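Taken from Swiss-Prot, the feature substrate binding site covers Met46, Ala194. Annotation comment: Swiss-Prot describes Arg121, Thr167 as ATP binding site, evidence class sequence analysis.
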Amino acid sequence: MQTRTTPGAMLKAMREKPPLVQCITNYVAMNIAANVLLAAGASPAMVHAAEEAGEFAAIASALTINIGTLSTQWIDGMQAAAKAATSAGKPWVLDPVAHYATAFRRNAVAELLALKPTIIRGNASEIIALAGGESRGQGVDSRDPVEQAEGSARWLAERQRAVVAVTGAVDFVTDGERAVRIEGGSALMPQVTALGCSLTCLVGAFAATAPEDIFGATVAALSTFAIAGEEAALGAAGPGSFSWRFLDALAALDAETLDARARISAA
């Protein structure tokens, strides 16, 4: 993997100096996203009001924007925060949840893309549609395999000059030049609502820890998530027990275990 340090080293650095991550995420995801960041060692702040989102983004270590439960007022806050983060040189992550579903969502995402996100994280259907392709997404769920979105991700990364992460059974990360696949996780993960949204927040935490290596930070976040998912699945009876086991596994994951178990290959 062509990064400047290992996922484990980034995880250790994050815990030694916890980043403050502003998460503008949806109502469904707020609780689990905050708990995922706490378990990983970061500090969450769920600040989305237009009256303060921009001001807060200037002092946060990173910003994440998820359009899951969208409204005009939320869009104002998202845009203010994205502009402030960019002006302050802070990394920010865009999660374009089901942006293809309505004109309202498509327009909101187009405006956010113009503000140059550092990282774009989505499922295969979202990334394919974002690149102008025809996706088979149904609501917030992807009906396209990750490998089908790899070309779209490369194109989008080059066009936006951003790192693009496509998450699914096997994750794919590219900056338009480099690309890797990340194996791991569990089939139970899609059965826990908003777990993927919480991954977007974790990507922001790693980006804040290693802003000089955004590609490596994104790979580290996805690897951390995958290994925690594998560990949580051991002994889980179903999605309910998996959800709390996931937080425990994430909190218990150490740098050495992460580096030993991460399965990252060039793509």
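Every residue gets a Cβ built from N, Cα and C, even glycine.
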Site of maximum Cβ density within 10 Å, from binding-site residues Met46, Arg121, Thr167, Ala194: Arg121
Whole-number Å value for how far Thr167 (ATP binding site) lies from Ala194 (substrate binding site) (Cα to Cα): 13
Rounded inter-Cα distance in Å - Met46 (substrate binding site), Arg121 (ATP binding site): 19
Helix, strand or coil at Ala194 (substrate binding site) [DSSP, three-state]: coil
Local backbone state of Met46 (substrate binding site), from DSSP in three classes: coil
Arg121 (ATP binding site): secondary structure state under DSSP, collapsed to three categories: strand
